[in-house]
Amino acid sequence: MKLFTVPQIRAWDAYTIAHEPISSLQLMERASTAFVKWFCERFDDRCTINVVCGMGNNGGDGLVIGRLLLQKCYNVHIFVVKHSAGGSADFEANLARLHPMTTVHWITESTDIPHFAQQSLVIDALLGSGLSRPTQGFLAEVIQKINDSSATIIAVDIASGLLADTPNALSDIIIKPDYTVSFQCPKLAFVQPQSAEYVGEWQVVDIGLSAAYAEATATPYFFSTASFINDFKISNRRKKYAHKGSFGHALLIGGSYGKIGAIVLSSKACLRSGVGLLTVQTPRCGYDILQTSLPEAMALPDWHWMVNTTVPNIDGYSAVGIGPGLGKDPLTLQLLRELLPKLTQPTVFDADALNLLSEHRELLTLLPPNSILTPHPKEFQRLLGRPWQDDFDKLSLLQTFAQQHQVIVCLKGAHTAVALPNGTLYFNSTGNPGMATGGSGDVLTGIITGLLTQGIPPHQAAIFGVYQHGAAGDRAAQKCTQPGLIASDIINEMGW
Ligand SMILES: NC(=O)C1=CN([C@@H]2O[C@H](COP(=O)(O)OP(=O)(O)OC[C@H]3O[C@@H](n4cnc5c(N)ncnc54)[C@H](O)[C@@H]3O)[C@@H](O)[C@H]2O)[C@@H](O)CC1
Ligand SMILES: [K+]
C-alpha cells in the first residue's frame, strides 16, 4: 500500500470527486459511514458518546458520525468548537441536516467546555489533515481537557493537532487518542515512534478513493500489508523432484565466547526459512553448542577458541549472513576487511558486523551493492556517525544512506523501515512489542539470509523477511503473551 502526504491525499480526494460520480458531501458521508461501522463493531449503545467537532471537514465528519450514531439509538452529545467565523461548505451542510435531530452545543469560550466523564467516549473530530498551525486558545484548552479526562478517545482520521507529514514542536497541544480511525491510507506520522502517544491503536478504513489515482501517483513511502507482500508471489510450494541443492547453501558467520546463542538463533531461523543447506562458521568454543543444538547445520569451526578470525572460502555459497554475536575483536575486524572485497553473493550485515563498519567507516565503501544491513536505531546512529533531530529527519537520513551506499537498510523497531538503494521506504505492518527481546534481530538475520539463499532478490528478501518475522512474532505473542515471548518462539512460529 502506498503512503501519501496530505497534499497528495487532498488531490486524491479532488480527483475522485472529479472522475467518479460522487460529490464531496457524499464522500464525507461514505468516510463517516466507514468510521461508524468500525465504531459499532467495538462499542455498544450503552455508552455515552461526546462528538467534539471543529468547523472544517474533519468537523463535518464528526457531525455525520454523530447523526449516524443517533440514528442507531446511541446516546450522543455533539459539541462544536467555534474556532472560525464559518465552517467549510460540507460542515455547514451537515450542521443543517443535524438540526432537526438534536441540539448542537457550541463551545465559544473556556466556560463552555464540558466535563468528559470517565466512562464516556470522546470522538475527536476537531481538526484533521487540514491542520495549518499549532492549536491555541480555547481549542487547545478543549484538547487539554479531553486528554485530562479518563474518557476513551477515538480520533477521526488523525488526532487533532498532530501533523501528518512533518514533526510537531514539543510544545504543541495534541489529542492523545486511544484509537485513530483513518481514511483510506495511513499517515506518515502513524509509523513514527515520536507520534505514538498521539496515534494510539490505529486502523485504516477504506472510503473508496480512486484506485487509478493511487496507481498513477508516485511516492517514496509504502506500507507492507499482507496483500502487498502477496504480490511478491514468494511461494512455499516445492516441486515434487526438488532436492536440497534446489534451495541454495547459506553461510552464516558469527558467535563469540558468551554469544554463541545469537548465531544459533540465526541459524535455526535460516534453516526454517527453507534453505537446502546451511554452514555456520563460529569460533571453536561454539562448535559443540552448534552441533548439539542444531544438528541440521554444518559447522565450520574457526581455529580461534573465542572469536571468528578466519576468512572462509565463500565459493559455492548462495548467500552470506555475518554479525550475530560476532564481537569486535581486532582479528574479527581483519576477517571483515578481507571478506568484503571477496563477496559476490548477496549478504546480510548485522549486529557487530555493523558496529565494526561504523568504527572503520572506510569499509562502508567496500559493501557490495544491494547488501542488506539490519541495524537497530542505535546501530544505525553509529553507522551515520551522528544523531538525528526527530523521526522525520531520521527517515531522510535513512533514505540518503541507502542511496549513497547503494545498500538496503532495515531499520528495526515498531514498523521497521526498509530503505532501498533507490530511496523508497517500506514500513512494516506486522510485529509487536513482545519482540523487543534479545535474539529477535538474530532471527531476522537468519530469515533474510535464508530468503537470499533461495534466490529471492535482495529488496524482496528484506521486505518479505521483515514482514514474515513480524507475522511469526504476532503468532508467537498470541500463544505466549507479549512479555512471555522469547526469540525462539518467533522461530517456532515461522512458516509462510
Ligand atoms: N480524502 C479526504 O481528503 C477526505 C477528507 N475528509 C475529512 O476532511 C479532513 C480534512 O478537512 P479540512 O481540509 O477541512 O481540514 P480540517 O478539518 O482539519 O480543518 C481545517 C480548518 O481548520 C483551520 N485550522 C487549521 N489549523 C487550525 C488550528 N490549529 N486552529 C484553528 N483552526 C485551524 C483551517 O484554517 C481550516 O479552516 C480530513 O482529515 C478528513 O477528516 C473526509 O470528509 C472525506 C475524505
Ligand atoms: K481529528
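Every residue gets a Cβ built from N, Cα and C, even glycine.
Automatic, uncurated: that is what TrEMBL annotation is.
The feature domain 'YjeF N-terminal' is assigned by TrEMBL to 9-215.
Sequence-distant contacts (6 or more apart, same chain, Cβ under 8 Å) of Ser132 ((6S)-NADPHX binding site) do not exist in this structure. The (6S)-NADPHX binding site annotation in TrEMBL covers 57-61, 128-134, Asp157, Ala262, Gly325, His376, Asp442.
Cβ environment of Ser160 (K(+) binding site): Gly54, Asn58, Asp124, Ala125, Leu126, Leu127, Gly128, Leu131, Thr135, Ile143, Ile174, Ile175 lie under 8 Å away, each six or more residues apart in the same chain. Annotation comment: TrEMBL describes Asn58, Asp124, Ser160 as K(+) binding site.
Taken from TrEMBL, the feature domain 'YjeF C-terminal' covers 227-496.
In the structure as shown, the Cβ atom of His415 (AMP binding site) sits within 10 Å of 20 other Cβ atoms. Annotation note: His415 (AMP binding site) sits in a coil segment as assigned by DSSP. Among the features that TrEMBL reports, AMP binding site is placed at Lys412, Gly413, Ala414, His415, Thr416, Gly441.
Max Cα-Cα distance over the annotated AMP binders (Lys412, Gly413, Ala414, His415, Thr416, Gly441) is 14 Å. Rounded to the nearest whole angstrom, the C-alpha distance between Asn57 ((6S)-NADPHX binding site) and Lys412 (AMP binding site) is 36.
Lys412 (AMP binding site) is surrounded by 24 other CB atoms, counting those within 10 A of its CB over all protein chains shown. Within the set of binding-site residues (Gly60, Gly413, Gly441), the lowest number of other Cβ atoms found within 10 Å of a Cβ is recorded at Gly413. Looking at His376 ((6S)-NADPHX binding site) and Lys412 (AMP binding site), their Cα atoms lie 5 Å from each other. In this structure the C-alpha atoms belonging to Gly441 (AMP binding site) and Asp157 ((6S)-NADPHX binding site) are separated by 33 Å.
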